[in-house]
Amino acid sequence: MPRKFFVGGNFKMNGTAKSITHIITNLNSAKLDPSTEIVIAPPAIYLVLARQLANGQVAVSAQNVFDKPNGAFTGELSVEQLRDEKITWTLAGHSERRVLLREDDEFVARKTKAAINGGLNVILCIGESLEEREAGKTIDVVTRQLDAVAEEVSPAEWNKVVIAYEPIWAIGTGKVATTEQAQEVHASIRKWLNEKISPEAAENIRVIYGGSVTENNCRDLAAQPDVDGFLVGGASLKPAFVDIINARL
């Protein structure tokens, strides 16, 4: 069975109630590829608003979740709280949190495990810096990040994960991996899944690309055999997000 195309929109720390209402209203009224799974991740304060507004084709994701149950963790969100508000997805490991907030591989792995244990699906973000790519360490970096998660998440639980390869040097910079670069890394991730998790996981788990995805480059990327969709940043705030969702039409 072919893997279902997946497009996530990470709004990051952008938007107001008015602008997010406008974005979701436009998505609800747009003609969207019915064979594409769509998930949007607004700022935490607008999660409930987004969930109330979104129609059946658009699911809502948190941008972050903590690895502990409810308790004395100021400023954090628990899996239980997200589930209480009927949020079904969360991001984990986005490079902005890895770099700016110094979240290491093990912390990301614990968050992923906590989310899955609590019934959430996870968009697991991995990727290398420009220095790591120039040093030829791209595959080493992404497999190290995946290995940490594999220490926490059992093979049977990986069906709750979508892997998002986001080269740090391409996020918000206007630079984008070539189709060949993206396919090479995605194929390596698929190989890792086959060897470390299971052949079934390699066949079924979606590996999506993020990093300056636009309406101009999405179709070439979507045509690659191991690119199963996108995690879109800035472009998810614009009308062009619809074009990216429809990249395979």
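Placed from the backbone N, Cα and C atoms, the Cβ positions cover glycine too.
Here is what Swiss-Prot says about this protein:
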ACT_SITE  His94  active site, electrophile
ACT_SITE  Glu166  active site, proton acceptor
BINDING   Asn10, Lys12  substrate binding site
Quiz item: Roughly how many angstrom lie between the C-alpha atoms of the residue listed as 'active site, proton acceptor' and the residue listed as 'active site, electrophile'?
Solution: 8
Quiz item: Once the chains shown are all counted, how many other Cβ atoms turn up within 10 Å of the Cβ of His94 (active site, electrophile)?
Solution: 28
Exercise. Compile a sequence-ordered list of residues in the same chain as Lys12 (substrate binding site), six or more apart from it, whose Cβ lies below 8 A from its Cβ; state 'none' when nothing qualifies.
Key: Pro43, Gln63, Glu96, Gly233, Gly234
Exercise. Note down the number of other Cβ atoms within 10 Å of the Cβ of the residue listed as 'active site, proton acceptor', including every protein chain shown.
Key: 27
Quiz item: Rounded to a whole number, how many Å is the Cα of Asn10 (substrate binding site) away from the Cα of the residue listed as 'active site, electrophile'?
Solution: 10
Quiz item: When DSSP states are folded down to helix, strand and coil, where does Asn10 (substrate binding site) land?
Solution: strand
Self-check item: Asn10 (substrate binding site), number of other Cβ atoms within 10 Å
Solution: 26
